[in-house]
Ligand code: ADP
C-alpha cells in the first residue's frame, strides 16, 4: 500500500493527512490531524487514526518543531512512517499566479517562484514555503509536489479572466482573475461524466462549492469557462467571513469617510463579513438554528446568500448557452438540504426540478437530487481536496 502525505501549511497551523490514493472517501485517510497556534505561548497538535483522536499541548515555536511533533504523533499511535510506504508529499498552494498551470515537483527554484507570488497571496504563499522547506528537510528522499488552487483555472478565456482596468497597470501588477478552489472544482467536475455515464466533451456543468469559503464554476467539455473567485478568493459568492462581490467604491467610501486603513479593509472584507457579519457566526449550522426559530435577521442573511447563488446560476447558464448538470459540494453543499433547495426553488421554467425527498439528506456519497423529468440533472458530489492532491502528487512518485 503506497501512501501520500498531504500538507496544508498556514501561517500558524499545519493541517495534514496521510492518504492511500487508491481508495475513495474516508477509507482513503490513514491518519489526519493538525498543528495549531504555532508561534504562540501554547500550541496544540493532534492526530486521528482508527477512530481515535490524540491531542497534546506544547509550545510550538515554529513549523519545523510542529512537523517533528506530527512525526512523533505517528510513532505514538504505532504508525511508523518508514513502514507506510510514503511515496510523495503533496503540498496545497493557494496561489500559482501566471507561473503554474499544473502540479509541479518542488525544487529550490519552484520554492523561489512560489515565494515570488506572495504579493498576490500574502497570508498564504509565505506559509506554504515555510511548510515546504521544513517538510523537505524531514522527508528528503521522496518527491514533494506543489498542487495549486489556481491551476485548474489557468486557461480561463480572456472574457472571464480580464478585469477591465487600464491594461498596462493590470499587466504590471499581475491583476487578473485567477480563481481558487480549483482542485475541488476539477475533482468534482471530472467525476460527473463518469457518474452519469455521459460524454465529458458535451457536458455543461455548474459547480457550487459551498464551504466556509464558497465558489462557483461553469464547466464546458471538462474545461472551466468562468469561476466566481478572482484575483483572490474574496470575489464572488457570500461566504462564512467574506463578503464576495462588492462595489469597489465601498472601499474608497469607507477609507475616506470612516478612516479605515488598507489592512483594516482587507480584514473587514475577508474575515469579518459574509454570514458572520449578518448573524454573528460564520457557521451555517447557527444560521439553520435561526431559520428554525423564524428569526428575521437569520432570514435576511439566508436570502442574501441564496440571492448571490441564484445570480451566478443564471449568469453561468447564459454563458454556457444552456445547462446539463448542477453540482453541490463542500460542507454546506453536501450537508444542508435546506440551502440546496432554497438555491434552486422556483426554477422549474429553467428546467430545474429538485426532488424534495431525494434532496432531504446530508450526503456523503454522490447522489442525484433532481426529479426524473428535470431537464437539468442536479447532484451532490462530495469533494475531497486532500485525496485529489494525493493523486496529483502520486504522479511524481518514482
Ligand atoms: P472549508 O471551506 O473550511 O473547507 P467545509 O467545506 O468543511 O469548509 O465547510 C464548512 C461549512 O460547512 C461551515 O460553514 C459549516 O457551518 C458548514 N456545515 C457543516 N456541517 C453542516 C450541516 N450539518 N448543515 C449545514 N452546514 C454545515
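Counting begins at 1 with the first residue displayed.
Placed from the backbone N, Cα and C atoms, the Cβ positions cover glycine too.
Annotation source TrEMBL lists active site, proton donor/acceptor at 149. Counting only same-chain residues at least 6 apart in sequence, those with a Cβ under 8 Å from the Cβ of residue 149 (active site, proton donor/acceptor) are 92, 93, 94, 95, 96, 179, 180, 181, 182, 183.
Residues or ranges marked as Mg(2+) binding site in TrEMBL: 8, 385. When Cβ atoms from all protein chains are considered, those within 10 Å of residue 8 (Mg(2+) binding site) total 22, not counting its own.
Sequence annotations record features per position, and here TrEMBL assigns ATP binding site to 15, 209, 210, 211, 212, 213, 283, 284, 285. Cβ contacts within 10 Å of residue 212 (ATP binding site), excluding its own Cβ and spanning all protein chains shown: 17.
Just so you know, the Cβ of residue 92 (substrate binding site) picks up 22 other Cβ atoms within 10 Å once every protein chain is counted. Annotation source TrEMBL lists substrate binding site at 92.
Secondary structure at residue 181 (site 'Transition state stabilizer'), as computed by DSSP, is coil. According to TrEMBL, the feature site 'Transition state stabilizer' maps to 181 (among others).
Residues near residue 242 (site 'Transition state stabilizer') in space but far in sequence (CB under 8 A, at least 6 apart, same chain), listed by position: 213, 233, 234, 269, 270, 271, 273, 274. Annotation comment: TrEMBL describes 242 (among others) as site 'Transition state stabilizer'.
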Roughly how many angstrom lie between the C-alpha atoms of residue 210 (ATP binding site) and residue 8 (Mg(2+) binding site)? 20
Distance filter, Cβ under 6 Å of ligand 1; input binding-site residues 15, 283, 285; output 283, 285
Where does residue 212 (ATP binding site) sit by DSSP, helix, strand or coil? coil
Given the recorded positions 15, 181, 285, and counting only Cβ atoms in the protein chains shown, which has the most within 10 Å of its Cβ? 181
Return only the integer: C-alpha distance in Å from residue 385 (Mg(2+) binding site) to residue 15 (ATP binding site). 12
Counting only residues 6+ apart in the same chain, whose Cβ is under 8 Å from the Cβ of residue 283 (ATP binding site)? 240, 275
Please compare the binding-site residues 210, 385 by how many other CB atoms fall within 10 Å of each one's CB, and tell me which has the fewest. 385
